[in-house]
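For reference, the structure discussed in these notes is given below.
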Amino acid sequence: MAADAFLLIFGLLLTVLIVAQPLGSGLARLIEGETGTLLQKFEAGTARLFALDTTEMRWQQYAAAILTLNLIGIVVLFVLLMAQGVLPLNPENMPGLSWHLALNTAISFVTNTNWQAYSGENTLSYLSQMVGLTVQNFLAAASGIAVAFALIRAFSRRCVDTLGNAWLDLFRITLYVLLPLSLLLALFFVSQGVLQNLLPYQHLTTLDGAAQTLPMGPVASQEAIKLLGTNGGGFFGANSAHPFENPTALSNIVQMLAILLIPTALCFAFGKAVSDNRQGHALLWAMGLIFIVAAAVVMKMEVIGNPHLLALGADSAANLEGKETRFGVLTSSLYAVVTTATSTGAVNAMHDSFTALGGMVPMWLMQIGEVVFGGVGSGLYGMLLFVLLTVFIAGLMIGRSPEYLGKKIEVYEMKMTALAILIPPALVLLGTALALSTEAGRSGILNPGAHGFSEVLYAVSSAANNNGSAFAGLSVNTPFYNVLLAVAMLLGRFAVMVPVLAIAGSLVVKKRQPESKGSLSTRSPLFIGMLIAIVLLIGALTFIPALALGPVAEHLQFGLTH
């Protein structure tokens with residue numbers, strides 16, 4: 001079993017690294033605007049057609065463009081979901097959503113969270129899935145990558161006050177990266193048996209005479225960008241545990257590869273853009289080491305499972321509850337780590353059915369800010385926030401002015417860094433406290449005790465960190481939870497994104513000082529270790545009390561009561 005786990009983890013990471021390197025080179029060229037003469041003419045013609053100003057933007061203009069696009073997306077998707085009952089491509093006559101569910105869903109998909117308080121097959125029309133959710137999957141992913149591009153340019157440029165053009169970045173990312181990769185991945189999924197049609201649901205009679213309904217729909221096209229864009233929202237309620245979304249062991253492995261591909265490629269792109277590949281490698285080492293330990297712990301906990309089952313005559317104590325037998329314990333555990341280390345939130349097993357400590361690790365990966373690979377764009381800029389914090393602390397320790405890649409890190413950058421790092425944990429803890437202190441919040445808890453607390457903590461952690469996965473035992477399709485989680489998703493996305501752009505705007509105007517013998521090396525094993533320690537320390541200081549009341553208490557109760 002240990003050998004199988006080793007092969008799964010390292011085989012996945014090795015494959016991702018091999019595939020991500022050439023993509024990282026392509027992304028680096030996009031960051032520098034190297035698209036070729038023919039494509040530049042096409043971009044100029046498209047800009048004239050839509051009357052877009054392609055001049056370079058300062059950080060305030062860049063942020064305004066991103067926020068405007070996403071605000072329009074929320075409004076359009078909200079209206080579409082409310083009105084889907086009278087719109088076409090609705091063969092099952094799905095009614096419009098309630099205002100609070102439509103608001104929650106619109107904010108969820110625009111913020112790259114894809115939290116779903118509904119099951120798609122009995123709630124949404126094909127039009128809502130295609131024109132509403134799938135389009136936002138592209139735009140949300142492009143928004144995150146664009147902000148990462150802006151921050152990378154802040155380190156690679158010097159003595160200017162612009163970060164690029166948001167509209168041009170969004171256009172290039174969508175057209176040259178997300179669309180081609182999604183098309184290839186969708187075709188692969190169709191070859192594996194994932195649905196892609198506009199047929200009405202199929203009503204059948206089984207051999208024993210029972211009626212059965214098979215949902216149909218354009219699944220593969222949404223599935224591809226759901227994974228590549230680390231969005232995570234499933235076409236069906238069971239998400240990637242559903243055989244129409246994830247039918248084979250091969251499709252399951254490719255899904256994990258797709259989730260990790262762009263976050264990994266962005267680290268390579270960062271190294272190339274700042275003319276020091278080892279800087280990107282250092283980030284990957286930090287992410288990879290945390291990922292390996294997290295995956296090993298979850299696999300170990302799920303394999304140990306419930307030893308008391310052996311006394312009852314079971315063949316194995318491994319925790320198979322809530323898991324697909326076609327994937328097994330190890331692959332399901334690895335998928336859970338992949339989807340929560342990133343901001344994806346797609347699931348091929350029910351996290352609510354994991355063991356107490358096996359479920360705690362995915363929750364903790366979200367709570368540390370999803371900087372272990374993280375979401376497309378957001379993972380890189382989230383980890384760079386921790387890099388700036390580490391550089392600042394290291395500078396205090398050695399008595400030197402902190403700097404990163406030759407740029408001095410001063411008071412303004414640290415204020416924005418602290419703000420961006422502290423907002424998601426504050427949202428998690430305050431949101432959980434509000435849910436547990438009100439009758440509306442407590443009424444949604446279906447399981448008593450420590451596990452019920454864990455379900456609430458997981459839900460708010462998932463929303464505030466834009467993940468979208470859930471401990472499904474919590475009843476969340478209520479006005480209280482739909483509004484609470486919508487606010488958490490909105491602030492967790494944009495209250496981090498704006499300070500990141502503010503940091504970029506402050507750094508891009510600074511000179512890039514040459515590295516000296518006294519400079520702190522930010523690519524050494526020592527710095528990588530410090531970076532990991534800072535990430536773990538922030539997570540520990542913030543969430544250990546809450547985790548002790550939830551999964552840790554549940555684990556101890558299990559041992560004491562059995």
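The backbone N, Cα and C atoms fix where each Cβ goes, glycine too.
What Swiss-Prot annotates here:
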type	residues	note
TRANSMEM	5-25	transmembrane segment
TRANSMEM	63-83	transmembrane segment
TRANSMEM	132-152	transmembrane segment
TRANSMEM	175-195	transmembrane segment
TRANSMEM	250-270	transmembrane segment
TRANSMEM	279-299	transmembrane segment
TRANSMEM	327-347	transmembrane segment
TRANSMEM	356-376	transmembrane segment
TRANSMEM	379-399	transmembrane segment
TRANSMEM	416-436	transmembrane segment
TRANSMEM	483-503	transmembrane segment
TRANSMEM	526-546	transmembrane segment
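Under 8 Å from some Cβ of the transmembrane segment (250-270) lie the Cβ atoms of residues 12, 15-17, 19-21, 23-25, 27-28, 31, 141, 145, 148, 152, 177, 181, 185, 188-189, 192-194, 224, 227-230, 240, 277, 279-281, 283-284, 287, 327, 331, 334-335, 338-339, 342, 344, 346, 348, 373-377, 379-380, all in the same chain and six or more residues away from its ends. Of the two recorded stretches, the transmembrane segment (132-152) lies close to the transmembrane segment (483-503), with three or more CB pairs under 8 Å once pairs fewer than 6 apart in sequence are set aside. The stretches the transmembrane segment (5-25) and the transmembrane segment (356-376) are not in mutual contact, being linked by fewer than three Cβ pairs under 8 Å (pairs 6 or more apart in sequence).
Count of Cβ pairs under 8 Å against the transmembrane segment (379-399): among 63-83, 175-195, 526-546, the largest is for 526-546.
Counted over residue pairs separated by six or more positions, the transmembrane segment (327-347) shares at least 3 Cβ pairs under 8 angstroms with the transmembrane segment (279-299), which defines the two as touching. The stretches the transmembrane segment (63-83) and the transmembrane segment (279-299) are not in mutual contact, being linked by fewer than three Cβ pairs under 8 Å (pairs 6 or more apart in sequence). For the transmembrane segment (483-503), the neighbouring stretch richest in Cβ pairs under 8 Å, chosen from 175-195, 279-299, 416-436, is 416-436.
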